[in-house]
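Chemist: Provided herewith is a single structure, encoded as structure tokens, for subsequent inquiry.
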Amino acid sequence: MEAVLQTKGLLSLPSKPKTKAFYPLPLGGLRHRFNSGHSLNTLKPNLLNGLSLSSNGFQKFQCFTTKPQLFGQKNRFFPICKAEAAAAADGQPLFAEKEPPKFMGIELVTLKKIIPLGAMFFCILFNYTILRDTKDVLVVTAKGSSAEIIPFLKTWVNLPMAIGFMLLYTKLANVLSKEALFYTVILPFIAFFGAFGFVLYPLSNYFHPTAFADKLLNSLGPRFLGPIAILRIWSFCLFYVMAELWGSVVVSVLFWGFANQITTVDEAKRFYPLFGLGANVALIFSGRTVKYFSSLRSSLGPGVDGWAISLKAMMSIVVMMGGAICFFYWWVNRNVPLPTRSQKKKVKPNMTTMESLKFLVSSKYIRNLATLVVAYGISINLVEVTWKSKLKAQFPSPNEYSSFMGDFSTATGIATFVMMLLSQWIFDKYGWGAAAKITPTVLLLTGIGFFSLILFGAPLAPALAKFGMTPLLAAVYVGAMQNIFSKSAKYSLFDPCKEMAYIPLDEETKVKGKAAIDVVCNPLGKSGGALIQQFMILTFGSLASSTPYLGGVLLVIVLAWLGAAKSLDGQFTTLRREEELEKEMERASLKIPVVSQNENGNSSLSSGSSFNPAGGDSTSASSEPSSPRSL
């Protein structure tokens, strides 16, 4: 039996075992036991015999050390296992603590965070869908305006107001507390939308400078319809900008800033993807809401402004949802403790525009990634504005236009929900390259069909009449499909691909590349399409006249997008292989301790270096016969 125990290197009981007493954990806990003036490296070996790897009863490895005495105790020693001490030194509890209460496998403390956050996210995105659909109806279907107003509105009104708001937000953040800052930012939004539905829109005919705008239009010509329309319907344009800011400020800044403040990393990894699915559920419900209130016109009598009544109902819902957002925020701040954070802050490079441009030019990998971001922003803008101009031609009434946008939002939510469920399978089955090419391919195919119906609709009219559609209606449906599929592919595939592309980069390139793309490429992608359309409208006189050229620009941009995705796929795959090779080399370089027999017949560790969990020096420990060799 001794031979078996020695060759197998198993633990054996000492030849003369002694009874050992176990005592309860002191009130001070593990921190008191190890931090009361005693270091693990200075613990004296206990006089009691511990377990050993020897079969002849001689002590080879001392496995028990003394425990400091407690307050009020005299010369009493308590044996504790050194393995437990090593675990304690690594931050692990010595004894199993009582598990916190759980519901369906989730801690109640976590549920107190996640459920209110999910409700806040649902209300915010519910409002955003209503506001997004309403803002398009207001500025596109207004008298004396059209879809040509959107490029000018985004560039000359929306962008300056967004920059001004962020400067104001930065100054307020230095003065107010986080809770006061949240209410200071969100309450003006809620008040404005409520006032617009009940005051500004009903009285808009009294303060809109319609006569002055007509004089300007007669003197400057129809090619300046877009800029003049901003002046003509300035209150509607203000609603448009506030609705745009709701998406960027309330969603990105307020909600995600608050969520990152109260959640841990583990909770974020587990529950943030569920917020994405919940966002699409909110999109479906809000689309149905817009559809319902936009259809009220059919039940009203003659001479009644059905759009004004629908607008009051939808803005009332926006105000109520805003109140719910504030309530959930207040409840979480009063009932949920904030997690402890490390005081160590990550250094983020503050790159100027010129420094960002230089860094973009210097790296091919970052250039390709920047091409993806800019190409998406330009191409989706080119098609969307042209589509909305055809949508107004098909549905000139605000109620009809809003009703169609409600169906559009619902379909977008359903498509995105399905694509998010399929995205994991696409990544696993076809890899990063195929997933990155799906979004530009969808934009290319649907864009070709959309512009073909606009340019060559007359020859196709007899064939489309068999399906009960005109070329204009077919172009509206194909454009809607283009927007639905491209946006669902963007949320479920394009955004994850973009973030995954940063992973294999070294830390400096990763941080600087992301900063450069945030500084240069995001604004360029958003405003690039609008600038191209403004140039086309001012050059050719109208958006309809510039449609063939916009189709050609879209084709060039999407082909460049596909080329950048193909090039980036090769570089991404190469970096991933190098990363895996480095990991394999690191695993191969590790030395694993092996238990073998020494010449005395006792089992010992044979390795290039001994492992001392107590943190002591192995060389000095082996030089003293009385010091134990820790296992």
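A Cβ is built for glycine as well, from the same backbone N, Cα and C atoms used for every other residue.
I grabbed these lines from TrEMBL:
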- 596-631: compositional bias 'Low complexity' (COMPBIAS)
- 585-631: region 'Disordered' (REGION)
- 114-131: transmembrane segment (TRANSMEM)
- 151-169: transmembrane segment (TRANSMEM)
- 181-201: transmembrane segment (TRANSMEM)
- 233-259: transmembrane segment (TRANSMEM)
- 271-293: transmembrane segment (TRANSMEM)
- 313-332: transmembrane segment (TRANSMEM)
- 365-383: transmembrane segment (TRANSMEM)
- 403-422: transmembrane segment (TRANSMEM)
- 442-461: transmembrane segment (TRANSMEM)
- 535-562: transmembrane segment (TRANSMEM)
Chemist: List, by number or range, the same-chain residues at least 6 past the transmembrane segment (313-332) whose CB is under 8 A from its CB atoms?
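Modeler: Answer is 112-113, 116-117, 119-120, 123-124, 126-127, 130-131, 134, 179, 182-183, 186-187, 189-190, 193-194, 196-198, 258, 262, 289-290, 293, 296.
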Chemist: Using a Cβ distance cut-off of under 8 Å, indicate which of 114-131, 233-259, 365-383, 403-422 has the most pairs with the transmembrane segment (535-562).
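Modeler: Checked against 114-131, 233-259, 365-383, 403-422; highest Cβ contact count belongs to 365-383.
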Chemist: Do we see three or more Cβ pairs under 8 Å linking the transmembrane segment (114-131) and the transmembrane segment (271-293), pairs being at least 6 apart in sequence?
Modeler: yes
Chemist: In terms of Cβ proximity under 8 Å, which residues at least six beyond the ends of the transmembrane segment (271-293) contact it?
Modeler: 114, 117-118, 121-123, 125-130, 133-134, 259, 263, 310, 313-314, 317, 402-403, 405-414, 416-417, 420, 491
